[in-house]
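Novice: First the structure, then my questions, so here it is.
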Amino acid sequence: MASESNMVHSPMVTYASMLSLLTLCPPFVILLWYTMVHADGSVLQTTNYLREHGLQGFINIWPKPTATAWKIIACYAAFEAALQLWLPGKRVEGPISPAGNRPIYKANGIAAYAVTLITYLGLWWFGIFNPTIVYDHLGEIFSALIFGSFIFCIFLYIKGLVAPSSTDSGSSGNIIIDFYWGMELYPRIGKNFDVKVFTNCRFGMMSWAVLAVTYCIKQYETYGRVSDSMLVNTILMLVYVTKFFWWEAGYWNTMDIAHDRAGFYICWGCLVWVPSVYTSPGMYLVNHPVNLGVQLALYILVAGILCIYINYDCDRQRQEFRRTNGKALVWGKAPSKIHASYTTTSGETKSSLLLTSGWWGLSRHFHYAPEISAAFFWTLPALFNHFLPYFYVVFLTILLFDRAKRDDDRCRSKYGKYWKLYCEKVPYRIIPGIY
C-alpha cells in the first residue's frame, strides 16, 4: 500500500490542486470554446458578457451534452479502441515499475494514426460524414467529455479498488487523493487493453490531430478556401502529433506513463484538456483567416518544423545512448557521461548512465525549450490581435517548468551525490545560460 509519505505532493497541495482542477478547469474549457467560437476570440467580450449577465449568463452559454455529441464521442472512442486492440504492432517492453513489474505493449500507434486520418478524410471526401458537424457541436462535445470523463475516472477508482491489474496499485488511505492521483499505475481491461495508452495516446493525442483537420475543413467549407495561417498551424500540429506517434514507444518510458498513476489528474487532462486547450489556436483561426503571405508563412513553417525536429532529436539521442549502454556517438564523438548508482525501494543497488554531452550537455531538460518554441510557432499564424490563442503556450511553459522541477527533485533523491556531480557538469535546468 502506498503511504501518505511517498505521495507525489503533500495532501494540502493535492486538495488545493484537485479543488481548483474540479472547479476551475471545466468552466474554463467551456469559456475558452465560447470565446473562440462565439466571442471573436476576445477575452474582453466574454468578460463583458459575464459581467452583464452574471452566473445565469454563464449557465446559458454552457451547452448541454446532446445525443449527437455522445454519438460522435462513442464512435470515435470505439474506433480508436478497436484499432489499439486489433492493429498489428511490435511487442515493446515498458520500464520496470516500482513494484518490479514490466508492462508489455503493442506498438501500433503510427498505424492507428494513419488509419484514423485516412478514414476521417475519406468519410469527408466521399460525402459520408462531414467533419464540420464536429465543429458545429464542439461545445456539446466538450461538455459531454467533461461529464463523461468524470464518470470514467470513478470507474477507474472502483476498478483499482476491486480488481487491480497489477501489484503497482493500492490506496493511500484517503479517498480524495486516490481518486485524484489514481489507484493503479498500469490499469488494463482484460489482458491486452491498456487504459493509459488509450486515454493519453489514442484518445487524447489522436483527437488533437483529428480536430486540427476538422478546423481546417470547417474554414474551407465556410470561406471556400484555407488561409495560409490555417495551413501553417495545421501542418505544424500534424507534424508534431506524427512525431509523437512515431515515438509512441518512447513516450511509454516517460513520467506520464511510468510514474503518474491513472487518476483524475492525468485521465481528465488527456480526455478533456488536450482536445480543447491544445487545439485552441486552430479553433481560433477558423473564424480569423489571417493572411500571412508566402514569405512569412514559410518562415514560420520552417522554424516550427526545426523546433519539432530538435525536440525529436533530443529524445532520440538519449534513447540511443541508453540502448547502446553509453557507446553511441553523440554529435560525432564519444559521449561524456556519469556512472551513477542508486538503491531501489526493495534495497537492491543498480547503476545508471547520465548523459552530459550533445543536447543533454546544454541543459538538463533542454528538449522542453524546442517543444515550447514549436507551440509558439504554430500559434504565431494567429498574430497578435488577441491573447487567448497563446494560452496554450503559456500553459505549456508552466507545465514543463513544473515537470522539470519535479523530475529534478525525483532524480536528486534517487541519485544523491551523483546528481550533484551531474548538476555541476550541466548547471542549467532548461534554458542554457539563463535557467
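The backbone N, Cα and C atoms fix where each Cβ goes, glycine too.
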Novice: Among 12-34, 58-80, find the range that TrEMBL records as transmembrane segment.
Specialist: 12-34
Novice: Identify the transmembrane segment range according to TrEMBL, selecting from 205-223, 262-280, 376-394.
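Specialist: The listed stretch tagged transmembrane segment in TrEMBL is 262-280.
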Novice: Most CB pairs under 8 Å with the transmembrane segment (141-158): which of 12-34, 110-129, 229-247, 262-280, 292-312?
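Specialist: The listed stretch sharing the most Cβ pairs with the transmembrane segment (141-158) is 262-280.
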Novice: Considering only Cβ pairs under 8 Å, which range in 12-34, 110-129, 229-247, 262-280 makes the most contacts with the transmembrane segment (292-312)?
Specialist: 229-247
Novice: Who are the long-range neighbours of the transmembrane segment (110-129) in its own chain, taking Cβ under 8 Å and residues 6 or more past its ends?
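Specialist: Tertiary neighbours of the transmembrane segment (110-129) are 79-80, 83-84, 87-89, 202, 206, 209-210, 213, 217, 241-242, 245-246, 248.
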